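For reference, the structure discussed in these notes is given below.
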Amino acid sequence: MIENTRTFDHACGVILIIGIAAVCFPIYYAFIAASMPPGSERDAAKLIPGPALFQNLEAAWINRDLGRQLFNSLIMAAGITVGKLFVSILSAFAIVYFRFRFRMIAFYAIFITLMLPIEVRIGPTYSVAANILDPVISLSHVTGLNALISMILGRDFSISAEWSLLDSYPGLILPLIASATGTFLFRQFFMTIPPELCEAAQLDGAGPIRFLWSILLPMSRTPLAALSVIVFIYGWNQYLWPLLITTDPAMTTALIGIAKSLPSSDAEAPWSITMAGALIVTFPPVLVVLVLQRWFVRGLVESEK
Amino acid sequence: MDGSSTFNGHKMLPYILLAPQAIILIVFFFWPAGQAVKEAFFITDPFGQSSQFVAFENFHYLLGNAEYYEAIYNSVAFAVAVTVLSMGTAFVLAFIVDRTTRGKMLTRTLLIWPYAVAPAIAGILWLFLFHPTYGAIANLLISAGWDWNPLLNGTQAFWLVVGAAAWKQISYNFVFFLAGFQAIPKSLLEAAAIDGAGVIRRTVSIVLPLMAPTTFFLITMNVVYAFFETFGLIDAITSGGPGGATMTLVYRVYLDGFKSHDIGGSAAQSVILMVIVGGLTFIQFAYIEKRISYR
């Protein structure tokens, strides 16, 4: 900085290079592994790329129906992103720009979902996904609706209905939208917007929806982009949920497909093809981080603080 | 929360705007969380046909079970190891990157891309790297005379999982630490330098105290990450083994609930986890409140 600290700077430079090498080495080694002809993965330890990268990428793509699974991953990640942006913008708008009776209750109800990840409530969430009408049926028991209808009809009555989200896109997407991160990001952002803007819009005769659509949304481009990047990666990398609710290989995500293709025994398994598949699955989110780096860093720092 | 202008005379609109969020939260969050609490007090047969109220039986059983204590121990040891390794590395790297003037964008890019790697993929990459038959690093360890085989040795498997999880988390910590360093006013450091404080003195007396809030925030986030988000990593490479050496609390919830169909036991574990996360959230926000009042 100000004084001359050459030795210290040199030491820092060396540590930085070692650090970068350590961070990047696992993926470099994956490239090496993915380029080895199946059966000669042992040679990967020589750290020299082999000739079979493209054959292996192709084999990984065909073998496991990876194209279809990548499509599922894309639908899931994009669905979670769009859904989360949609519900969180609307609820942040309601909480910041309206005064209504249950406002604080709504605020705290959203607030407590902030840090309870799906892994914690996984069993019951699965039951809901297996029959999404379960809450309705249980409520009809509790509220005595069944008893009432039985009385009116003069015979036994109980609502039974089934609507399963297993092996479906809504099943992959909806439960992962249920969290507060986005709502708080938008709430904070809306609160930084000068109140005069809202007053001016109202003076000019704009209603709430018009204000949201023509003024608030265009102003929110930055937090929108930042949150999209974070949520897309979050959705793409989901593991436990898709593992549980998809049994049909054609409905599962690419990540689950690759994890399931992992050789489990020492029998000469095609590691090179699994590694090629791992590279394919990792490529889209890495591309998003690299291309949208500015938004990514903002989204990360702002959505979680 | 106040200070912004509001729309008056729209009685129904705010409820309509909140409805999508409310429906999703009720169906996929509050209902399941409530069910978990309810199920924790029942024993349900594996087919879900009948259930019997057993009060605290499920908790009693868990807390008298040595395997559950092993899972608690593993989770805590895992969280501490991942947090320390990952945050330590990221802190040093961010400190250096903040000081460098040349190639900042490139170094930053090279350090943050692993954020995009899924935990399960991180596990697969590390498993291959340390695989006794194929791994380059495993080869080094073996030729150094080490009896290296994480597929059979529990301690080695544990450290392999720690390494992979910490590696994946370096980018996340790096982003926050770098943002923290960049927020420190350079004029403050220059003034200290003029007063004769060297690099080390400036770091200890100015930089470290100013980094405390970021560090505290990251500790909570890393613990949450190590507890919950590493499920895929563990499932992909060790499935809790060998011999339960990498069995964490979340992995047990999954195993008991979906493999052994012990619904009550799994729900009781969920409730314990909810209490843990609730505690962490509380600490986090209690601390943030305090920090805001300092400003």
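Any Cβ shown, glycine's included, is placed from N, Cα and C.
TrEMBL entries are annotated by machine, without manual review.
Record features, source TrEMBL:
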type	residues	note
TRANSMEM	B:12-31	transmembrane segment
TRANSMEM	B:71-97	transmembrane segment
DOMAIN	B:72-284	domain 'ABC transmembrane type-1'
TRANSMEM	B:109-129	transmembrane segment
TRANSMEM	B:157-179	transmembrane segment
TRANSMEM	B:206-228	transmembrane segment
TRANSMEM	B:267-288	transmembrane segment
Checklist entry - Most CB pairs under 8 Å with the transmembrane segment (B:206-228): which of B:12-31, B:71-97, B:267-288? => result B:71-97
Next on the checklist: If I count Cβ-Cβ pairs under 8 A between the transmembrane segment (B:109-129) and each of B:12-31, B:71-97, B:157-179, which range comes out on top?
Outcome noted: B:157-179
Checklist entry - Against which stretches of its own chain does the transmembrane segment (B:12-31) lie, if we need a Cβ under 8 Å and a gap of at least six residues from its ends? => result none
Checklist entry - Mind checking which residues reach the transmembrane segment (B:157-179)? Cβ under 8 Å, same chain, six or more beyond either end. => result 74, 77-78, 81-82, 85-87, 89-91, 93-95, 97-98, 108, 111-115, 117, 119, 122-123, 125-127, 130, 150-151, 211, 214, 217-218, 221-222, 225-226, 230, 233-234, 237-238, 241-242, 245-246
